[in-house]
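Accompanying notes for the structure given below.
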Amino acid sequence: MKYILVTGGVISGVGKGVIASSFGTLLKSCQLDVTSIKIDPYINIDAGTFSPYEHGEVYVLDDGAEVDLDLGNYERFLDITLHRDNNITTGKIYKLVIEKERTGEYLGKTVQVVPHITDAIQEWVERVAQTPVQGSSKPQVCIIELGGTIGDIEGMPFVEAFRQFQFRVKRENFCVAHVSLVPLPKATGEPKTKPTQSSVRELRGCGLSPDLIVCRSEKPIGLEVKEKISNFCHVGPDQVICIHDLNSIYHVPLLMEQNGVIEYLNERLQLNIDMSKRTKCLQHWRDLARRTETVRREVSIAIVGKYTKFADSYASVVKALQHAALAANRKLVLVFIESCQLEQETLVSEPSKYHKEWQRLCDSDGILVPGGFGSRGMEGKIRACRWARENQKPMLGICLGLQAAVIEFARNKLGLKDANTTEIDPQTGNALVIDMPEHHTGQLGGTMRLGKRTTVFSEGCTSIIRQLYGNPKSIEERHRHRYEVNPKYVPQLEEHGMRFVATDVDKTRMEIIELRDHPYFVATQYHPEYLSRPLKPSPPFLGLILASVDRLPQYIQRGCRLSPRQLSDASSDEEETYVGATKLMKSLQITGTTTPTNGISRNACRSSNSSTISTVSSDIEGACGGVGVGPTTTNGHGEDIGKE
């Protein structure tokens, strides 16, 4: 087993997660099985109760573990399935050691940080490194990311553990990559290497010497700066890797390859890589990176959320949208809308902000209502669901988004004006969303319905979402929720047009809803974003993107296969315009008329649909129409339909 430890210096958030994932991507391209471990030196047992504003999203694994969002990077980059033990926290280690002490395993010894805590860390790493993460084969390389920065007091037991670990596994099996910031002050315009020198000095003072120094900078670093770091940090010039800010994280593995990382690791860790037998993995990454640069036609998606001030709160949602947009050959434009800004209270207190946010929502091509907890902003989510339903706007709801859609439908279609969730109003007369029996109110951590669960489609179901998945009988997706749709109201909801197209295996929990006579109004109780991959986008997200650019019907007609041109990284606006014009001319020749029988331009459709704004309830009517632009008049495409 080979180990690569990735540490950080100067500041946190310097990009260790992406660097660690890129190491794994490069090694996988050499046909090596790779696993990852993330170490978080906080005392929490897991990330389940973290505030999204402080740590970003909580990522959920197959086994129900609530972990740091960096594990999502590992799974997406490497296309592997990690487990709860792949995330180590100080809390887990101390809990393990204390439990051993209580059961007498230390035979009366004084339990100390060294050796008991450090030994527990090393044993945990060795055990988890052997756990298969892709199929049944054991990994050959383990990438370990140590969270925080070198010198943090909470991380010192882990640094000491790895100081010992390098001798435990021998030098040829252990490598340290140190990621450090090289700032570029505007006053001088010159890269400063002193922070990196100090960081490396501190790392060496702890007993670890970096084999690779990965310099993060705003702009590319010149050879002179690279040689200076090499000289003062006692490493060879080929051991200094410069990663500047890039347009896409998909470029990072490619840049590291150009810097000779594979060759260095092959020699340093004695990997015996046969360069002639490398897989096409990196070619896929090259295509993906190139496509991010060449795609020009945009699709705008409004994320109506509760934590939009911190983008990492929706990290997996954003990644899933990016995967789907690239697959559909579109450039993603995200429109973050704080759901509380869509509520009546904002209209009274800040009318200009209220109208502005509603206008941004109306101008978007599609809407996504993600998950969340608590009452704040819930009414805004419900209003967004209503607008999407009444105005035929493509929408995807996730978790709380499904619950908001059900409550809105019950209020405005069933006439149950007090419909609500017991999370917000425990005394409501019409509890459309109720607490699950598994939820223990005395404890928050680990009490939700978590992890991968089976979702079964209804017999004879021909729904859009089922077709997007390939018409299976069932699917498996990851869950994270404490509340569910009240099954008592399902018959009433279905009678008025809301279809519950999938349930859990016991047919008691509603998992997916769709609306009849709507281009794309889908909501899931599970979180499809967790299983989206760059080369395998999540079906619900792909459906949202395609519906938002009027391509979903064609995609379904093709058997849910993207056209070669959509999968190409060389598509352009001119090419699509040419293809559309060619097909238009053919239709003219066939019909013998001056206008194709179905040749209604999208702009014409917009004009005819601009009146739909009047269907919005009176309290939000002026928000979308008051500034003179209808909800579907400016969605950023501006071209006639060229059906594929």
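Each Cβ is built from the backbone N, Cα and C atoms, and glycine gets one as well.
Since we're looking at a predicted model, the values are computed, not measured.
The feature active site, for GATase activity is assigned by Swiss-Prot to Cys399, His527, Glu529, with sequence analysis given as support. Residues or ranges marked as domain 'Glutamine amidotransferase type-1' by Swiss-Prot: 300-551.
Listed in sequence order, the residues of the same chain lying 6 or more apart from His527 (active site, for GATase activity) and placing their CB within less than 8 Å of its CB are Val60, Ser316, Gly371, Ile398, Cys399, Glu477, Arg478, His479, Arg480. In the three-state DSSP classification, His527 (active site, for GATase activity) falls within coil.
Around Glu529 (active site, for GATase activity), the same-chain residues at least 6 positions away in sequence with a Cβ under 8 Å from its Cβ are Ser316, Val317, Lys319, Ala320, Ile398, Ser538, Phe541. Per-residue pLDDT, averaged across the domain 'Glutamine amidotransferase type-1' (300-551), gives 91. Counting every protein chain shown, 22 other Cβ atoms lie within 10 Å of the Cβ of Cys399 (active site, for GATase activity).
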